[in-house]
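Here the structure is laid out as C-alpha cells; the discussion comes afterwards.
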Ligand SMILES: Cc1cc2nc3c(=O)[nH]c(=O)nc-3n(C[C@H](O)[C@H](O)[C@H](O)COP(=O)(O)O)c2cc1C
C-alpha cells in the first residue's frame with residue numbers, strides 16, 4: 001500500500017467543527033432525538049415522586065405496556081416510486097383545521113412536573129397549530145390558558161364530580177373563554193390504583209422527608225422553580241393534602257351515567273368528545289346520542305389494568321361508527337410512526353400525554369416544542385417512506401398488525 005503525507009487541503013474539510021452551543025438547555029434538548037431521549041432527560045431533572053406520577057400507570061402497568069407493544073408490533077407496507085417531495089400533515093378535526101394529526105392530552109397537576117406547566121403546553125400547541133387540552137385537574141386557570149394560546153384551539157376536559165354546580169361552572173367559563181371542544185372523560189368512576197404514588201408517599205403539596213430532600217439535591221432547578229413561582233393552585237379545588245388517588249376518589253362521582261352525559265351535551269355550545277371509550281358497544285351508544293367524537297383510550301393505562309388496547313379496538317370501532325362520529329385515539333404514543341399507524345387504521349386524530357410531559361419536564365416550553373418537532377418530523381418521514389403525501393392517502397393496507405407468539409411453521 002502506498003502511503004503519503006496528508007496535505008492541509010485534505011484535512012480542512014475534516015476539521016469543520018460545529019460551533020459549540022453555549023446554552024445548556026438548547027444543547028440538552030438538541031441531543032434528544034426521540035421521545036424516549038426526552039424521557040431520560042426529564043428523569044434526571046425531576047424529583048422522583050413527580051416523575052413517577054407522570055410515568056406510572058395503574059396496578060402492574062400492563063395496560064400501558066401492552067398499548068405500547070401493540071404499536072411496536074406492526075409492519076408498515078410502503079409503496080414505491082411516488083412523488084413525496086411535499087407532504088401535508090394537516091387535516092380538519094371537529095370542524096376546524098389542525099396542522100398535524102395530534103394534540104396535547106389533558107393532564108392534571110401539570111405545574112407539579114415543571115413549573116411552566118399548561119402555559120408551556122398551550123403556547124407550544126398554539127405555535128404549532130395543534131389543539132391544547134386543559135384538564136379539570138389542571139393547575140392553570142382557564143382564562144390564563146386562553147391568554148397563552150389566544151388564536152389557537154383550546155379544548156376543555158371535564159370530570160363530572162360530586163359537586164355538579166362547580167363542574168358546570170368550569171364548563172361555562174371554558175365556553176366563555178372560547179374553548180371550542182369539551183372532552184368528557186368517562187373512565188374514572190373511581191381512581192385507578194397508582195401504586196408508585198402510594199409507594200413514594202406522593203402527596204400534594206410534596207412533603208419534605210429525608211428521602212425527598214436527598215432526592216432533591218441533584219435536581220436544584222426544579223426545587224428553585226417550585227419554591228420561587230406562583231404556588232400550585234388547581235382550577236377546581238383550593239387545598240388538598242393526601243395522595244392523588246385519595247383526592248380523585250373524594251371528588252369523582254361514581255353515579256354518572258349516559259343520562260348525565262346527555263345533560264352535559266345540552267349545555268355545551270361547541271363540539272363534544274367522549275374520552276375513555278373502550279368497547280364497540282359503548283361507541284355505538286355514543287354515536288347514536290350524536291356526540292361529535294369519541295376517544296379510544298384507557299387513560300394511558302392509569303385506570304383499569306389489563307384494559308383493551310385502544311389501537312386494537314380501532315378498526316372495528318371505525319367500521320361501526322366512523323362515518324358519523326370522529327374516532328380519536330390515545331394511550332402509548334411515543335413516536336410519529338405510532339400516530340401514522342393510528343391514522344392509517346382510521347383514527348381521525350390522536351392525543352399525546354406522557355410524550356408532551358416528558359418534553360415539558362426536560363425543558364419547559366422549549367421542551368414541549370422539541371416533543372412536537374420530533375413527532376412532526378417522524379410523521380412526515382414515515383409518510384414519505386410509505387409513499388404518501390397526505391393523511392387522506394393513508395389507509396389500512398399500509399399497516400399489518402403482527403401477532404406475537406404465533407408458533408413458527410416447521
Ligand atoms: C400525568 C398524567 C395526568 C393525567 N391527567 C388526566 C386528567 O386530568 N384528565 C384526563 O382526562 N386524562 C388525564 N390523563 C390521561 C391523558 O389525557 C391521556 O389519556 C394519556 O396520557 C394518554 O396516554 P399516553 O400518556 O401514553 O400518551 C393523564 C395522564 C397522565 C400521564
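Easy rule for this one: first residue shown is 1, then count along the chain.
Placed from the backbone N, Cα and C atoms, the Cβ positions cover glycine too.
From the candidate list 27, 28, 82, 194, the residue TrEMBL records in the glyoxylate site shared with 53, 159, 299, 302 is 194. Of the residues 146, 198, 271, 275, TrEMBL puts just one in the FMN site with 106, 107, 108, 135, 157, 185, 297, 353, 354: 275. For residue 299 (active site, proton acceptor), the nearest of the binding-site residues by C-alpha distance turns out to be 106; the candidates were 106, 157, 194.
For residue 302 (glyoxylate binding site) paired with residue 157 (FMN binding site), the C-alpha to C-alpha distance reads 16 Å.
Residue 53 (glyoxylate binding site) and residue 157 (FMN binding site) are 19 Å apart (CA-CA, integer value). Closest in space to residue 194 (glyoxylate binding site), of the binding-site residues given as 108, 275, 353, is 108, taking the CA atom of each residue.
Residue 302 (glyoxylate binding site) carries neither a helix nor a strand DSSP state and counts as coil.
Around residue 353 (FMN binding site), a 10 Å sphere centred on its CB holds 21 further CB atoms from the protein chains shown. The two recorded residues, residue 159 (glyoxylate binding site) and residue 353 (FMN binding site), have Cα atoms 17 Å apart.
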